[in-house]
């Protein structure tokens, strides 16, 4: 059977089961089946189309209509959202939830009167949404928002004098853009002369009200008013001036016919022809025809030239508007003012059926009650027709639509609508009828309207409950808690469908039901433990009908009962010294909650204990370790009592718990026997001792036990003195039991036992010897009263240094002597043998601490009352050299001036020795350090002196390792002395060039930088610091020089017209005073350029935006600047991007300023650009104005979603049930909304894709099954993520899920072989771990423990877990192989026994030296051992000779997921094959086989750190080495083989080329050696770096860039000036008349504006222009003047300065020898000093000198006497002179500047005089 959710929302199946028996029993049950929804219905609108009207100018948000749509589905499938499409949709807004359509802006009917929109209803299905569209027609209702308008504010009309009353004067006409009544215009006449005229209100025709003649007033003023018919009428005013003119001047007009009759639908036709003539001759008499007035609706038309009058054609004629037209036509002459005559035409219009009937309303809404007997009147319709007669008679009819069951009838004559049948609202709730009104014209016209008939409800249907109701509610729910909503449906609507609810059965009154909503709430306390289910009955009453239904409420258990312990306190006695895990006791709790999680109890300790644990399920308390009873004075002792708090917690949510106190008393076990203080006792017994006299007390202690277990009793169990002596049972006192007369010197013994009172008792025994003695008459006597002994301080411990002796004349014990030290040995340095008197050393002696000891030695006999003697022992120590000399510092710093002579004292070190003087002699020596060869030290004094003279610049620091030692002794100590060489000022500053050339604008501000002069000093440190000064008059030239940096700046306002070149003398010196020739001078030539103001942009900031998907060349915006300079060369500029153009993303047209894209943009990389655009003018120097351009890059959906990290990793425990949540995938998208989230996720591939599901919208990953880690340790799948952009971007990503282990697999026995390699003789002395020998286990999470069964070999142990350790002794024992049986478990499952064999393999340096290393990528060491180890050995065995033994002695994981394997081949004779032999054999012959064995295509055979990535910089030579770290053992594990070996590493060293140091040769030893600078630049050392002093014409850090290289090819055409762009490349500054990127295009008119100065005439050229200059002027723009000289003519100037000269001459000559400039001074002895600039042999020569010194000359450039223009610049500053020659073009207008240093045109020199 197919289920439909809408029909079968919930089905209940009732099952009955009958049991065959006697009597038969029956059980029943109910199965509730909920039919889940699928999206199989589209939304449905109530109507097929909608029409609405809205007033124009209504404010935004005005309601238009609310279409209603429903969806028969449920949930998201029935949730409808509305969207809107159509023309001008932006003018409306729709609520996506309710569908309310509102205006978004005010509407203007005059702009658009009708809108066609489409409303789309779409459900919210997340998978396959459905939608339905409906048409909505919106009519804009006219408002009177337009006033009438006249065509002009003032009119003037001329009429003939003697105009008679009723004659036409003027036809006023106004128009109104509104419609209907709002556009109907009524005219009114006003003004001071209004009484002389009349005006027709409908047509606007003005006529004379009286005769108007010239004899009176000839000018009349009228005011015209046009008013519309709106509810709030609007008006317009105009002024009319009427002037009378002589009538004979007016044209005469003639019309053949003046009255006509036409049907309003007549075709267009000519009615008549107007003719007129003018009395005026010539052009002024030309007649033009027009309509003068009365032409309502533009009904008639007249040809202006021919005078033909036409009408009809559907234009203007309307019987309903005007059945008669009175129209005035005019004939106008062409004079000024024009005069016109008028004539009247009368047109009668007959009616045609041109108007369809119209209903009063476009839409009617009516209601009718259901179940009423027909006929019932619904409403009466009314339609009108503007036509007349039969054309206007209307009949009514129903269109065949919307009333298929003929439920309504319409009276054709009256328009009354009635019902035809009884209506049922439940079947059809509303009818949409189309009614038509038809006129009786031919052909008939029809109008229509819509009638919506809503059927009103009657209460004719009972309520029906929507389902059977049952619900669960938690006990203890608060009063008022919502339980369930009882719902019912009723086919009726409104009040008839409003059911009220009540309980008819409510046992206990526990619940309340809301009568209106049906909400059932808790009304009384609920306790599941008292009642777990309630059966209620609910009634629904709608006023006429009643229905009932059962309601089952099941009370769900709430965790409202905490577990309860049987006892609040538990006490357990726990015997000490039981096994580690032993049962102590059990606590128990119960929970009154229902069976389930709320009643499941878990036990736990509230505070973790190191000694006890509780089983969470059973409550059993166990010990965690063996406990010992602690003996104390208190009983019971807190130290033996443990108080635990045990909590019982149920599994409810939230859980509830209770606690109890558990006291564990550790009780003593009698596990310690009493112990006598001595193993034997001895005592003499006086023969006269009385019976009962106490002789000796023996004592036994039982400190390990407590209580009765520690109580001791003594027993006499044997001996020959049992009859004579007794022992007290409780105290241990031995007493005389019988007289001892006549028993002198007899020896008796007693055997004594000490027994405790424990169960079972423990005991100890001792022997007591008793000797019967006489009276002790004599005291022991030493052989000497005092003893002396000399002992060296290094006497070994336990050495005997002296024997003391004493004698006693008594017999027996009274004469036996015992020795002891009674005093003087506070440091416990000595002991004396009590029997022999031998004095021995207990500890080492130190002469430096104590030189002499005085000991009191006693001798005491063994009498019952002993006698004692004392002797003095003096021990004198002798000194031994046992202390090394000690320096008071580990590092000393000494300072020595450079150039100090040899043998200069540097420092004096001193060490001290606390030994005695003979052992404290110290000798000093230098044993190491970088200065060992360059310094001496006084062996006795410690004074350090120099051997040579030192140079601070060569080396500034030396280290000395100084040794202080005792002669002929090993005692010594060392220290380090750092000798710092301090600098001396031995070099003087020198300028990097003799002449510096700079340019500066005359408009430069004070403080502006001009340039940098630079001098070098070969000294280092402070002596190498250079200071700069201006010399003499140079201080008054308007410039300042920074003393420390050499930066030259402007110090006052500059004026180029006064001084266009400035020559300065600068001085370079060191700090301090000048001492002679320790300075240097240079010349600075500064060219002052003409002032030039930078261009100014029209805006300080420009803002724009561009899409990141825009193609290259997309225009973004344009910038504009102006340059207010007057001079043409200064006011022309070009645009350039000078900053912020990251990635050269944009370019700007140099001429137009249009900014466009130059490369593809990426918003995700850079979303905002802040460009600095400059306008650079052509001035000298060029000035730059800047503006900021901010460009926002807008987003396009060009990025797919990504994961961070790229491969997400999730984790899930094995054995978890299906649908376990694993992780939530979270994607990111660099795009902006809406091109980013929300994302959708789809599982599209992967090996384990069947194991998981991915929720489409949330990215939640869940399992589809339980996973066994041992079978599937990891899941891999592919997820495709899609963003929400248009078009959608997708990306596929790998996802990993790691399956975490549970200890669910038992261990199995393991047979494993351990190969333990070690470096011969270097096995770790403390032993080492060689393997993890845990049993085989598919799990990884066990707590493994192992132990060796049987006899454990000495030196082999498992200290923890399953880690096998061996000692050095075991490993290095020859030919040892261990075979072990190891029992192990994983902490959960039973023990298994594994077999372990251990072999030890030693190797040495020979093995390492002849080995190679194979490095394989993408393989781990463990995988190699399990899969590739054996195949590698087999391969090597097949390659090498029979008898060769391949050895693998190291396997280790390396970086980048690679493995390094070190192998060697042992030859039969005991040696090894060379590494070359082994490497060649493997690399050349078996590489393919190796790749297969290692499962890797990336192999290095042999591996070398020098080859993988050359590590040495700057030409360093790499050499490699292998080092072994014996103490670091690396264990590589596999199931059947464990490989252990010391760490073997590869390292490298670099042999650096000259000038480089460092581990990788990465640093320069001397940064200027070799010279890194290009183009002959000077290298200057600056700390560890260098600075290049570049020659003229070069720049860059290494002087590697030629200045102006971008413009070297002169790319600009037509005289354009090339400029280097700051961002790279160049741009052209075009001359006037040219444009384009390279000035290649001519402007339209290159002479506008005129670029020529001083009256020059501009001649346009193609391309460009040329200036024709007046006499005395030349230059490109006629800006220059010229002077000519005949032979022997000259021009005089003020005298030149005596020491500083700067002369520039631009000239043209054909003379090979010519004097250009000459200056001289006062004569002295017939001679005077002079300067001369001249041509000698056609070459420029500059000379100076004469009176006091020799003449100095300098010559530069080539042949200049060629009649062409040249420029010569001569500069002199004292004895420094320079000469530069440049060629010029265009009459000297443009001269090339010679670059300083260019030998073809430049020369400088230093003369002998200054």
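The count begins at 1 with the first shown residue.
The backbone N, Cα and C atoms fix where each Cβ goes, glycine too.
Quick look at what TrEMBL annotates:
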- 1552-1561: disulfide bond (DISULFID)
- 1590-1599: disulfide bond (DISULFID)
- 1630-1639: disulfide bond (DISULFID)
- 1669-1678: disulfide bond (DISULFID)
- 21-45: domain 'Cadherin' (DOMAIN)
- 46-150: domain 'Cadherin' (DOMAIN)
- 465-565: domain 'Cadherin' (DOMAIN)
- 566-676: domain 'Cadherin' (DOMAIN)
- 783-887: domain 'Cadherin' (DOMAIN)
- 1098-1203: domain 'Cadherin' (DOMAIN)
- 1204-1311: domain 'Cadherin' (DOMAIN)
- 1502-1562: domain 'EGF-like' (DOMAIN)
- 1564-1600: domain 'EGF-like' (DOMAIN)
- 1603-1640: domain 'EGF-like' (DOMAIN)
- 1643-1679: domain 'EGF-like' (DOMAIN)
- 1680-1810: domain 'Laminin G' (DOMAIN)
Integer Cα-Cα distance in angstrom, residue 1669 (disulfide bond) to residue 1561 (disulfide bond): 69
Of the disulfide-bonded residues listed as 1590, 1599, 1678, the one whose CA lies nearest the CA of residue 1552 (disulfide bond): 1599
Rounded Cα-Cα span from residue 1639 (disulfide bond) to residue 1599 (disulfide bond), Å: 32
Cβ-Cβ neighbours of residue 1678 (disulfide bond) (radius 10 Å): 22
Secondary structure content of the domain 'Cadherin' (465-565), with strand meaning DSSP E or B: 7 helix, 48 strand, 46 coil
Residue distribution over DSSP helix, strand and coil in the domain 'Cadherin' (1098-1203): 7 helix, 50 strand, 49 coil
Counts by DSSP class (helix H/G/I, strand E/B, coil) across the domain 'Cadherin' (1204-1311): 3 helix, 46 strand, 59 coil
Residue 1561 (disulfide bond) versus disulfide-bonded residues 1590, 1639, 1678 - nearest by Cα: 1590
Residue 1590 (disulfide bond) and residue 1639 (disulfide bond), Cα-Cα, nearest whole angstrom: 34
Among 1599, 1639, 1669, the most crowded of the disulfide-bonded residues [Cβ within 10 Å]: 1639
Rounded Cα-Cα span from residue 1678 (disulfide bond) to residue 1590 (disulfide bond), Å: 39
Helix, strand and coil totals (DSSP H, G, I; E, B; other) for the domain 'Cadherin' (566-676): 6 helix, 48 strand, 57 coil
Model confidence over the domain 'Cadherin' (783-887), averaged pLDDT: 89
Secondary structure tally of the domain 'Cadherin' (46-150) (DSSP, helix then strand then coil): 7 helix, 48 strand, 50 coil
Counts of helix, strand and coil residues, the domain 'EGF-like' (1502-1562), according to DSSP: 4 helix, 34 strand, 23 coil
Number of Cβ atoms other than its own within 10 Å, given for residue 1590 (disulfide bond): 24
Secondary structure content of the domain 'Laminin G' (1680-1810), with strand meaning DSSP E or B: 0 helix, 65 strand, 66 coil
